[in-house]
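S.K.: Let me begin by handing over the structure; questions about it come next.
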């Protein structure tokens, strides 16, 4: 058929879940050579007949974003050009805007945003607290080696509590009085024998988990008044805290740890595996083998999928629920060097961000494996950590001694819905 060469026409149905942008459900004849640009012109012409303003859309054809000509996309999917093709369109997620550059004295290896605050960890052994408007609030010494990870335990108008981990083999629990801007180290957590590279706080904020270069996964109490008995009394009095549980199973460094729920942990490792741990059973529930060292891994509570960052420039998508969990659901191409860090959006089901040794952050839709939605530029050296915990801000730290803050501008459609 001529359409296969991009010269003929294809019958399509245009569908959307965003009802305020719906067009009549009738077949439309369009050129097989169309791309997203031409489809946007065609669709907006239909919508303008309804009095709508011009809108940028992305187009899903058989569950994947169209990133070239329609005829090439159909051929790649082995879809018959004789059939009527259903194309789903969605309002394009707007490009995040660069907002701030927070200058530090050394590499920024850890970032975590919550509310109006940004917590950062540096290679000069310090932790820093900033506002999301770029004002520096506090520099916190205490560790004796570079910081590797940070996470908030709790945060309200009066107090903030957080945990930091370091190459000095410890985790530290901190209490910050926001009014007086004073911070105290509540406990030093000792038990790892190498650098503590990852940390995650439980959903109820009563515990936290750490992953280390010593291959061990450890669980700790995060409570201020942690009851200790017998021989551990002296440790309590000195402010030293010991692990509640140690889980062995990885063969190399644990680079990522995350709570999937209150009793389940996800870890990623340089040993090429993802492991899902059942804390009630104190053992491994699921293991996913990959073909590369995992530098970071993140689980989405919205879509239940895991995305990984690896040494071969690619990001990969896995489904831990299937018997074929080790089968890669998708591979995302776009970075030009090691991908160091990755995180799902906490509010947008299909979106995630990544940071790489190519000095770039990228914003992805998991349905678009061939190209990211946007490049988030600004870093002058490799990106070491990225965070999208606060839906309004994408925050990244790098070897250029800066934190870059990008404001996420979600598309506003409320005015359309009320018309």
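Placed from the backbone N, Cα and C atoms, the Cβ positions cover glycine too.
Reproduced below are the annotations present in Swiss-Prot:
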- 10-91: region 'Ubiquitin-like (UBL) domain' (REGION)
- 103-141: repeat 'WD 1' (REPEAT)
- 142-184: repeat 'WD 2' (REPEAT)
- 191-230: repeat 'WD 3' (REPEAT)
- 249-287: repeat 'WD 4' (REPEAT)
- 289-328: repeat 'WD 5' (REPEAT)
- 334-374: repeat 'WD 6' (REPEAT)
- 378-416: repeat 'WD 7' (REPEAT)
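Would you situate these features in the structure and describe their surroundings?
M.R.: Shown for the repeat 'WD 1' (103-141): DSSP residue counts in helix, strand and coil, namely 0 helix, 24 strand, 15 coil.
DSSP assignment over the repeat 'WD 2' (142-184) gives 0 helix, 28 strand, 15 coil.
Taken through DSSP, the repeat 'WD 3' (191-230) splits into 1 helix, 17 strand, 22 coil.
If one looks beyond the repeat 'WD 4' (249-287) by at least 6 residues along the same chain, the residues whose Cβ comes under 8 Å of a Cβ in the stretch are 194-195, 197-204, 209-213, 215-217, 219, 293-299, 301, 306, 308, 318, 320, 325.
Nonlocal intrachain contacts for the repeat 'WD 5' (289-328), taken as residues 6+ away from its ends with a CB within less than 8 angstroms of a stretch CB, comprise 252, 255-256, 258, 260, 266-274, 276, 335-350, 352, 354, 356, 358, 364, 366.
Model confidence over the repeat 'WD 6' (334-374) stands at 97, taken as the mean pLDDT rounded to a whole number.
Counting residue by residue with DSSP, the repeat 'WD 7' (378-416) contains 3 helix, 17 strand, 19 coil.
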S.K.: Treating G and I as helix alongside H, and B as strand alongside E, what does DSSP give for the repeat 'WD 5' (289-328) in helix, strand and coil?
M.R.: 0 helix, 16 strand, 24 coil
S.K.: What else in the chain is close to the repeat 'WD 2' (142-184), if you only count residues 6 or more beyond its ends and a Cβ gap under 8 Å?
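M.R.: Same-chain contacts beyond the ends: 106-107, 109-112, 114-115, 117, 119-127, 129, 190, 192-201, 205, 208, 210, 212, 220, 222, 224, 241.
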S.K.: Same chain, outside the repeat 'WD 7' (378-416) by at least 6, Cβ under 8 Å from its Cβ: which residues?
M.R.: 18, 20-21, 52, 91-115, 118, 120-121, 130, 132, 134, 337-338, 340-348, 352-361, 363
